[in-house]
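Notes for the one structure printed next.
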């Protein structure tokens, strides 16, 4: 009934029931587990937590997860923009197929992507063999991790930027051309600024997803401690050693990174709404 | 649209033909290398020993147990998620209350939490090392390393899927139709089933489709919570990992190809929905 006092009156029924179901499930499925992790952190104490995170192995794992996610998301920022632009603006054979395929990383289980990429880029795999003469080793190196994260993050940039390109007003481009701007100038000075908020949002979403990614990475990474061991894998290792406190410490560090990125995404969206009224 | 633009005498709002060809080529090459090649590899590796190899792999008891496990999880998790999504969307879209934005943020939260961290949370909450876990053990209730844990992990990672799809659609549709139905004397439930549900059915199906794909494919969270016990708690993705690590390549890729077929089916249905009912989907909020 307390909820009723905090909401505007409405003739529709079912607020109590729907709000109750939503809140109950949210609490059991999401809030209680997050509370358990944070509660565990409180029990361990900040000094102890810091001690467990502040080791070379944990730092290099966290740094690797973040660095690889950043590199892959930057790569996706560029190619995602190209892909979104091509899909909206150009008509070519196979466009619809490619448009549908962009969502493959959402639909394909990460473990499947992981073993497929490993089979492709392993020294005896088709791509691995082709790249060996050039001296490029991808599987079991950090490059392999980038590759897996490019796969995972690709749809985020494309699907955030695509609707904004669809909404672009061609009159502005025509005006720019009429005023004597070359096409490259129009693209850089007129179109790109309009797309910036969507690009940033897509980039941040891809980054948030990539930092915590596990399934597609562990097969191709090689998982050498200090070199190609990502932070989520280190949590799994600590759990397998029954070292729950150390696992919780890394988990809290990663959760804080997630919260920070969620805040960043919200900030980008508020900023872009103020700026151009688009998501 | 752009066909018309391209046929204009002076196409000022497009790039030179050479640049267009280069960009299209780049896009196709990118998609071929990063998306199509891994997908083709799954099927090629599964067929490395022909159809017989695949059939033998699928008749392994561990593989069959994993398929059963994954199906059972999806059968329970997806409807629960749909109920949550509808309830959350009804409360959020049809009513104005304080803290709504915060509630939406909380619903979206699982998107940005690492699946492994999600699994870790459940282990810390229900595992033998927590006070709740000790109590559960004393009462012979198993959550971690058992079905309920896998279910909770799946619910966590799929949590926002249906709600995220429904909320924008229901906000856009407003509440006038429901108010009209109520004025005409329909009960709340009747209004929901005859007015609201038909309006949101395609968006609901879309959300359920994505939710199902993720529920069947979840790996990180389930790997942590399930303990990956063969024949008992192993799901299809975790069984793929175990086969792969044991160098049972054909078995791993056969199970993976079943999951890949499911992914392709999901994409096909999703694309059909987008082409047929784009106006009834939250297309601009696609995730």
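Backbone N, Cα and C atoms are what each Cβ position is placed from, and that goes for glycine too.
In TrEMBL, annotation is done automatically, which means it is predicted and not curated.
What TrEMBL says about this one:
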TRANSMEM  A:12-38  transmembrane segment
TRANSMEM  A:58-88  transmembrane segment
DOMAIN    A:62-265  domain 'ABC transmembrane type-1'
TRANSMEM  A:100-123  transmembrane segment
TRANSMEM  A:143-161  transmembrane segment
TRANSMEM  A:190-208  transmembrane segment
TRANSMEM  A:214-237  transmembrane segment
TRANSMEM  A:249-271  transmembrane segment
Item to check | In contact by Cβ distance (the transmembrane segment (A:214-237), the transmembrane segment (A:190-208); 3 or more pairs under 8 Å) | outcome: no
Item to check | Contact set, same chain, for the transmembrane segment (A:214-237): CB under 8 Å, 6 or more residues outside the stretch | outcome: 56-58, 60-62, 64-65, 68, 109-111, 113-115, 117-118, 121, 138-142, 144-145, 147-149, 151-152, 247, 250-251, 253-254
Checklist outcome for this item: Ranked by Cβ pairs within a distance under 8 Å of the transmembrane segment (A:58-88), the first of A:12-38, A:100-123, A:143-161, A:249-271 is A:143-161
Checklist outcome for this item: Ranking A:12-38, A:100-123, A:249-271 by Cβ pairs under 8 Å to the transmembrane segment (A:143-161) puts first A:100-123
